[in-house]
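Peer 1: For reference, TrEMBL lists these features for the protein:
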DOMAIN    A:25-122  domain 'Alcohol dehydrogenase-like N-terminal'
DOMAIN    A:174-284  domain 'Alcohol dehydrogenase-like C-terminal'
2 protein chains.
Amino acid sequence: MRGAVLYAPGDVRVEERADPEIIEPTDAVIRLTATCVCGSDLWPWRGVDEVRDQPMGHEYVGVVEQVGDEVKNIKVGDFVVGSFFASDNTCEICQAGYQSRCVHAELMNNIGTQAQRARVPLADGTLVATPGMPEPDLIPSFLAASDVLGTGWFAAVAAEAGPGKTVAVVGDGAVGLLGVLAAKQLGAERIVVFSRHRDRQELAVEFGATDIITERGDEGVAKLKELTGGLGAHSVIEAVGTQESMMQAIRSTRPGGHVGYVGVSHGVELPGEELFFSGVHLHGGPAPVRRFLPELMRLIWDRKINPGKVFDLELPLEEAAEGYRAMDERRAIKVLLRP
Amino acid sequence: MRGAVLYAPGDVRVEERADPEIIEPTDAVIRLTATCVCGSDLWPWRGVDEVRDQPMGHEYVGVVEQVGDEVKNIKVGDFVVGSFFASDNTCEICQAGYQSRCVHAELMNNIGTQAQRARVPLADGTLVATPGMPEPDLIPSFLAASDVLGTGWFAAVAAEAGPGKTVAVVGDGAVGLLGVLAAKQLGAERIVVFSRHRDRQELAVEFGATDIITERGDEGVAKLKELTGGLGAHSVIEAVGTQESMMQAIRSTRPGGHVGYVGVSHGVELPGEELFFSGVHLHGGPAPVRRFLPELMRLIWDRKINPGKVFDLELPLEEAAEGYRAMDERRAIKVLLRP
């Protein structure tokens, strides 16, 4: 089959890779209907993370082609969505809602879903099937549920976005924008987005943002405080992962408020004293997308939300390299790849 | 009046200080029945925090002697307890339960309650009166409510201690021990204390601890994981404030679990990536003791809890210096001073 492999910073190639097979009896093999490039794929692509001739991609929707002997709930022919962590969904950690830290978790990045097919471990726990074959125009939204929607949703939940709350969003990439959508769905009263890109501001407003702040860092924080009676937001979503974005998120939060942080942390060191005296709640990490999949897939199936709008560029899988460049150069918010 | 002043590391003296007066019409002046030395007083006493000829102490119980013209609820003759932050208890932050970050908060450390009398700002918001004059044997417990009990309680609440939960406590000082008491009151199933001091272990067990771990750091974490099926505790109370104790707390917590940290942070830098992948909730800071005072004072008045047991040395105020030494050398858990 064809699949993307990263050989060196900036050098991603679509080439022949071995067809996936059932290895464990709990595995499934799916044929991908769509896959995409994640903001976090840009870390190794830019050389910030180590690169080691690795298959790329961890987001996926598709149709089940084979299942192992022990797979009971997922059937050949199902249209399925899964998270970037395979999880058994039965262990104590999964049952508490932290499937991304399942005691048997496997990272789909190691499998590489920017490909025609993929093996999905722990299929019964990992995959959620739609009630039937979705209309083609829903595919981008289901694909978004696989990571960026689930991640933005988790950030909004971790930030305790809800009725009566002012929510601020640091990061105007796909995850931040879908954090806006999540905050809106969760009933937030006011949603403030830090953004200086017109196309992203427009999508943010479409998803439910009520205010845009173009300033960044401490200037952005000062502006947010002006909007919130000097107190800061109740809930802040952090969707970047840098020192600056984390400090902007913490400083934007009122005492006793909540930061939900989902930007994969790179080189961040949180100063203990400032954090201590900030009095905020901090929660985040790799989103347990699986927790939210049934609810999110229902909202998509019922056409209540349209998270697929974050895909503003669609390319054949063969042109994955151009997809990486377009996202790196901010020519695209998020790139969908058709295998 | 007599009061304690810190002149240089290790040099605390009880000397004549100006009698407090009503400055703002919302002030009260109290005559202290008892005061004490806090673990956090040892930071400047040891020279870790800057020292600047400062009056010391922020914990207090006593009888109201004067009130300003605008004080409505607190009356002369009331026996009162207050927190180490004066707060109006009416602003949006106070109403959300974060009185230690009240928009009008004033730190009682700047007033110095290791003294015969003290001015208490925002008396109606800050002070809570008992139903009548307490029996003398209850004084230590009410004094504990002023900080260490309220702080340990906040840590347990921040860590979401409760029924069915395993709670671990890092730090066997007065706050950690009262975190044990709080976890027990909140219904925790299992309470594990990290301690290597026999007297503190005994008090921990008396307060409700079910397990003691004598190892520290990563060895302590490994031991805790053995006790919890490899997962770690649901809830971890951090009551020290060092790099080692914070990392021990974070690493002791299962994914999705909660760290409640109340040790005043000194030189801590939290590594972003480890925190991100830990998946824990982090919440803490200066405890909003005022939130819990009515409930805690009721439990003490009704003799349901006996937090005053953490005071294992009582001295006249004049001997405050010996109190600091006894705590620094761990000859005492906590020292009560009688003005």
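Placement of Cβ uses the backbone N, Cα and C atoms for every residue, glycine included.
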Peer 1: Considering every residue in the domain 'Alcohol dehydrogenase-like C-terminal' (A:174-284), what is the mean pLDDT value?
Peer 2: 97
Peer 1: Pull the DSSP breakdown for the domain 'Alcohol dehydrogenase-like C-terminal' (A:174-284) and write it out as helix, strand, coil residue counts.
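Peer 2: DSSP classes over the domain 'Alcohol dehydrogenase-like C-terminal' (A:174-284) add up to 50 helix, 31 strand, 30 coil.
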Peer 1: Could you give me the DSSP helix, strand and coil counts for the domain 'Alcohol dehydrogenase-like N-terminal' (A:25-122)?
Peer 2: 17 helix, 30 strand, 51 coil
